[in-house]
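Here is what TrEMBL says about this protein:
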{"type": "DOMAIN", "residues": "B:48-101", "note": "domain 'RNA polymerase sigma-70 region 2'"}
{"type": "REGION", "residues": "B:106-145", "note": "region 'Disordered'"}
{"type": "DOMAIN", "residues": "B:164-212", "note": "domain 'RNA polymerase sigma factor 70 region 4 type 2'"}
Amino acid sequence: MNCDEFVELVTAFLDGALDPAAEERFIEHLALCEGCERYLEQFRTTIAELGELPPEPLSPAVRTDLLDAFRDWHRG
Amino acid sequence: MTVTLFRSRRGYARAVTKLPPDDELVAALRAGDGAAFAKVLDAWSSSMLRLARSFVSTHATAEEVVQDTWLAVVKGLAAFEGRSSFKTWVYRILVNTAKKRGAHEKRSVPWTSLLPGDEDHGPTVDPSRFQGPGGAYPGHWREAPEPWASPERTALALEIREVITGVLDELPARQRAVISLRDVGDHTAEEVCEILQISAANQRVLLHRARAVVRERLAGYLGAAG
């Protein structure tokens with residue numbers, strides 16, 4: 001496997017979606033290539049950082065409106 | 001909302017306040033349990049806002065889409081049959097509401113095809129980073145990617161969040177929707193396919209491209225610092 005092929009298969013590898021033969025070639029390349037090992041690690045870091053984005057809450061006014069609407073719907 | 005961070009295999013994951021199982025939750029909502037509604041509203045709205053932003057051009061419109069979705073959910077609870085999870089059902093309503101809204105907007109975000117668009121093809125890493133046919137090792141790195149500084153250094157953390165938020169804003173709509181659900185939210189690949197009505201292969205292509213763009217942008221920060 002070449003590096004330019006490896007970089008396109010990273011998400012499939014992380015999802016466990018590669019077929020056994022491709023996965024074997026992927027891991028074989030990973031063991032030999034420092035650049036790709038680093039690329040994979042940086043992909044993992046990227047995914048972890050995406051998961052760190054703080055939640056964006058609804059504005060309090062919209063939230064209150066929705067809670068009121070729920071109450072009204074069930075009262076009516 | 002209670003959000004706790006814990007180490008998982010994919011790095012940090014967010015554990016949101018645990019909601020009761022679907023049948024209990026839906027029964028409580030149908031019975032008019034306001035506390036149950038507040039809980040589910042607080043647990044899901046942030047991720048719904050991010051998803052809605054893939055379809056419409058402003059935060060304000062996205063918030064209206066989320067609001068309209070919840071109103072439709074409240075009024076349509078009787079129609080939920082449990083064929084998908086309740087969350088997926090709610091998110092499907094969101095996607096339909098957001099698409100309609102996007103179509104009405106002047107600056108609507110294109111979401112015409114379920115298939116990856118033109119921007120979703122081609123290599124995700126600049127081909128010039130690899131050796132050409134004349135090189136000693138064609139297809140291998142010319143120079144390995146630069147090492148990164150640890151993003152856990154607090155001085156960088158805030159900057160990184162700004163960088164990531166900026167890149168998400170620039171991503172093509174489909175890629176943004178998938179990465180928002182998979183990586184910013186914590187949806188599984190299967191859930192994303194169901195919510196967006198795309199195939200597993202398309203889901204993976206869109207996610208991979210989006211991640212590669214974010215990685216490249218982070219490299220500009222963390223690589224230079226390393």
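Backbone N, Cα and C define each Cβ position, glycine as well.
Because TrEMBL annotations are produced automatically, they should be read as predictions rather than curated entries.
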Going by DSSP assignments with H, G and I as helix and E and B as strand, what are the residue counts for the domain 'RNA polymerase sigma factor 70 region 4 type 2' (B:164-212)? 40 helix, 0 strand, 9 coil
Roughly where does the domain 'RNA polymerase sigma-70 region 2' (B:48-101) sit in mean pLDDT, to the nearest integer? 94
